[in-house]
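If you look up Swiss-Prot, you'll see 6-228 marked as domain 'ABC transporter', on the strength of sequence analysis. As annotated by Swiss-Prot, ATP binding site applies to Ala43, Pro44, Ser45, Gly46, Ala47, Gly48, Lys49, Ser50, with the evidence given as sequence analysis.
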Amino acid sequence: MSEPTLRLSGIEKTYLSGTPGEVRVLRGVDLSVEPGEMVALVAPSGAGKSTLLHISGLLDVPDAGRVEIAGQDMTGRGDRARTGVRRRDVGFVYQFHHLLPEFTALENVVLPQLANGIGEGEARARARALLSRVGVEGRAGHRPAALSGGEQQRVAFCRALANAPRLLLADEPTGNLDPATSDQVFDALVELVRGTGLSALIATHNLELAARMDRVVRLSDGRLSAES
């Protein structure tokens, strides 16, 4: 049996706050995401889903517990090791696209690959293939300001997958879009995930979109529970 792409075991996280002093955001969270699986993470605002995603993607460190990415236990690993695994195995998508405004759509997908040591020819070919898969290959030469919100987010998906990660983490990826565009963009995300076979943990307030994923988990009062 293959290893889960992401395994969280006993994750704890507490933040200091003026009042009441400490906020215990995550309380013994356990979660596994299998290869090729799409898992929806639903939670009310402020419940800690962004914190959970940041810990899952090695952008933050839990106070206790273990994070494993593709079988690699990251407990106690230094910044260099964590950065290496994050760059190689994890892709991120946020509510706002965060594309570099001075570069074209194609260049935004090429740049992460160049930073990862991939040759320019190969990087451009992969970028064009990804953009084509989500239907924006005709916009490859446009800068973000010339793209619609839906197009910007599709390019952001492609950038997140540019280095062929094993795990995609998405924080409200359609939250800034109107309902019709949100559905179209989500369809594009599903096409990318299913077409590449990676695993995805996607935080969303949209329960209709969540229901279209393989599994739904809910974060409430710092604890994770399965909905389906």
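Every residue gets a Cβ built from N, Cα and C, even glycine.
Cβ atoms within 8 Å of the centroid of the Cβ atoms of Ala43, Pro44, Ser45, Gly46, Ala47, Gly48, Lys49, Ser50 (the ATP site) belong to the same-chain residues Leu219, site residues excluded. When each of the binding-site residues Ser45, Ser50 is scored by how many other Cβ atoms sit within 10 Å of its Cβ, Ser45 comes out lowest.
Least packed by the Cβ count within 10 Å, out of the binding-site residues Pro44, Gly46, Gly48, is Gly46.
The Cβ neighbour count for Ala43 (ATP binding site), using a 10 Å radius over every protein chain in view, is 18.
On the 0 to 100 pLDDT scale, the model's mean across the domain 'ABC transporter' (6-228) is 89.
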